[in-house]
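Copied from TrEMBL, the annotated features are:
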type     : residues : note
DOMAIN   : 43-438   : domain 'Major facilitator superfamily (MFS) profile'
TRANSMEM : 45-69    : transmembrane segment
TRANSMEM : 81-103   : transmembrane segment
TRANSMEM : 115-134  : transmembrane segment
TRANSMEM : 140-159  : transmembrane segment
TRANSMEM : 171-194  : transmembrane segment
TRANSMEM : 214-237  : transmembrane segment
TRANSMEM : 282-302  : transmembrane segment
TRANSMEM : 322-341  : transmembrane segment
TRANSMEM : 348-368  : transmembrane segment
TRANSMEM : 374-401  : transmembrane segment
Amino acid sequence: MAAAAAAAEEHTVPLLKKQYYENCPGCKVDEQKELKRGLPIREFLSIWTVVLCTVLPISSLFPYLYFMIRDFNIAEKEEDIGYYAGYVGSSFMFGRALTSVFWGLVADRYGRKPLILLGTSSVVIFNTIFGLSVNFWMAVITRFLLGCLNGLLGPIKAYASEMFRAEHQALGLSTISTAWGIGLIIGPALGGFLAQPAEKYPTVVSKDSLFGRFPYLLPSLAISVFAVGVTIASFWLPETLHNHKENRAACDDSYDALETASGEEKKQPANLLRNWPLMSSIMVYCIFSLHDMAYAEIFSLWAVSPRKLGGLGYSTQNVGEVLAVSGFGLLVFQLALYPYAERLLGPVMVCRIAGVLSIPLLASYPFLSKLSGFSLIVLLNCASVLKNLLSVSIVTGLFMLQNNAVEQHQRGAANGIAMTAMSLFKAAGPAGGGSLDD
């Protein structure tokens with residue numbers, strides 16, 4: 001009898017899986033993963049562009065935010081500009097913190113793809129409006145609304161963990177952190193090169209033109225145009241969520257009968273808040289996010305601040321050049337070196353080493369303002385490249401730990417919790433960093 005039951009179970013389970021596969025896009029993705037043994041370049045590029053689309057609006061304003069607040073004439077003293085700049089920067093994260101869990105639950109119920117399309121579409125609309133801001137409160141409100149509707153970073157992490165085979169998962173999740181890190185570099189570079197075009201390129205852009213009257217529209221519009229392309233391309237993304245709507249009752253009855261025959265009880269959904277591996281990785285992620293966001297804003301504000309206030313006296317174009325160099329170094333490291341480091345040491349050890357090395361590196365920054373000329377350029381670029389390499393290594397390891405701590409049907413919610421907590425900490429980062437930079 002036991003042998004017969006085992007034989008029946010052996011034949012019944014594949015039959016149920018086949019029935020699920022025929023009506024489920026997520027099962028089709030699973031089959032394609034098994035058939036495709038090579039490196040999935042197209043999937044990497046798809047995820048890379050979606051993440052880049054969502055991170056560019058976060059970081060692109062930092063090089064020109066100082067000048068934007070100055071033009072709003074809301075700060076009574078020059079030293080107060082950083083204070084107001086912090087609130088513009090944190091409004092996006094505050095909005096995202098309010099809605100991330102909700103979008104995670106929506107992604108677990110309706111799929112990852114709808115959230116990706118909503119997030120990229122919100123960039124098109126609200127990032128363009130932000131470039132047209134004429135006062136402080138318009139800038140704050142548009143950034144807040146963009147954060148509320150741009151809830152795709154949590155679902156895209158779940159999407160990446162489901163899209164790739166096990167041997168490519170480290171590289172797949174590192175694609176997110178690579179795109180995030182490069183976005184934190186390309187965004188400020190775009191902002192630095194394209195903001196105030198009438199002042200930088202007077203022979204091309206006149207002060208009476210649209211970009212002359214709205215000096216911060218061009219970088220926002222460039223990102224929005226990119227987001228339009230990403231939104232259109234995302235319509236062809238496959239759905240990875242297993243959502244077996246057809247024959248659900250029949251399939252559930254079959255599984256219940258099978259579980260009864262084998263003496264197993266149906267598992268109840270685990271409480272995510274009691275999942276210690278998940279919650280501990282989220283705690284570390286939040287603390288590091290606070291530090292990373294504060295660094296992203298302080299670096300740009302510090303670089304463009306006058307020498308008399310302890311800054312470097314850089315122009316936005318100079319800041320863009322430093323960040324462009326960092327972006328190239330980050331791309332090479334993440335694609336060529338990080339997967340080997342992760343396989344050799346594991347994600348936990350990589351996070352620990354990168355965190356320890358970040359401490360003396362950040363402590364060296366105040367001394368850079370004492371330098372000038374070629375030595376300043378070389379050491380500043382080296383410090384910026386190394387800082388970004390360490391940051392992305394930590395983020396990638398934490399992404400892997402979070403997504404491996406839960407099952408697929410809870411990944412959207414788990415990443416939503418992570419995004420809510422992280423966004424609250426990141427909202428404090430720009431506000432606190434801007435105040436400290438004063």
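Every residue number used here counts from 1 along the chain in the order it is shown.
Positions of Cβ are set from backbone N, Cα and C atoms, glycine also.
These figures come from a predicted structure and were not determined experimentally.
The transmembrane segment (374-401) and the transmembrane segment (282-302) are in contact, since at least 3 Cβ pairs between them lie under 8 Å (pairs 6 or more apart in sequence). Using a Cβ-Cβ cut-off under 8 Å and counting only residues 6 or more beyond its ends in the same chain, the transmembrane segment (214-237) has close neighbours at 46, 49-50, 52-53, 56-57, 60-61, 64, 68, 71, 113, 116-117, 120-121, 123-125, 127-128, 130-133, 187, 190-191, 193-199. Sequence-distant residue pairs (6 or more apart) of the transmembrane segment (115-134) and the transmembrane segment (45-69) include at least 3 whose Cβ atoms are under 8 Å, placing the two stretches in contact. In the predicted model, the domain 'Major facilitator superfamily (MFS) profile' (43-438) shows an average pLDDT of 79.
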